[in-house]
Amino acid sequence: MPRSFLVKTHSSHRVPNYGKLETLREANGSCSACKELAGSRHLPDEEAPCNPSDPLQPWDSTSAVACISLPLLPNHRETLGVSGPEPQETSWVGPRAAQAPSVTLKDSFTLPPLLVLPTRWPPILGPDGALNEHLRAEGTSRVPGSFECIHCHRPYHTLAGLARHQQLHCHLPTGRAFTCRYCDKEYASLGALKMHIRTHTLPCICKVCGKAFSRPWLLQGHIRTHTGEKPYTCSHCSRAFADRSNLRAHLQTHVGTKKYRCAVCPKAFSRMSLLARHEEAGCCPGP
């Protein structure tokens, strides 16, 4: 037969690829009586190409979750003589989310969620770097210092800070340790090693005095000592600072809370540096 007679025709409406749903044979979409996906022999083998001019079908709806109906499943259960409701909920997300509203059909079914949040938060990482269910803190609110290292019990405010700290514990089972060529320190990831090597190479150099730093923001704060720029101003008084950390320490003097107390005398201080200076001066010298 000449090749000119071989004409491939396409459907005017896009049909869903029910063949992909065969992987859900053991999920909620299958019959609980015979474990067979009802109507699977009627499913098409391939999906027709999408034409933008075609009218939208229910399976093209993807605003949040669009559901596909399988009306063959209830009829299939009736032929088996099985009574009772069949739990059917499987979510389907189609390719044209912005063009159609969400459509929910009867007897639809929902896919299991891709992400299940833990019942308790915040978590504490165990020795293997995984979440330990029995070590999670009670409640769901994040409190300061709620992320604790299981190795040295050092508290952290965020999970990201705890993850960066645990790079120092090279005995974590990562399968490979990265050793610094300048010292004997080891790290669990290559990224942590590269950040550490910058403390040896000091690539950020001041063009005014030649002083070198490991981080760009450290160099930027140092340049302010040459220019005299103090962009961080206190909202309570007229004092300004070149570094944000100095402003945070200064704000403690306005709050009125002095949590650093001397162990010898009843004096208290708002900053740890002031307490250290007080102790070095000898608040209560002995005989």
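Any Cβ shown, glycine's included, is placed from N, Cα and C.
For 1-20, the entry in Swiss-Prot reads region 'SNAG domain', with the evidence type similarity to another entry. Look at Swiss-Prot and you will find 147-169, 178-200, 204-226, 232-254, 260-282 tagged as zinc finger.
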Considering every residue in the zinc finger (260-282), what is the mean pLDDT value? 82
Sort the residues of the zinc finger (178-200) into helix, strand and coil with DSSP and give the three counts. 11 helix, 4 strand, 8 coil
Outside the zinc finger (204-226), at least 6 residues beyond either end, the same-chain residues with a Cβ under 8 Å of its Cβ set are 198, 242-243
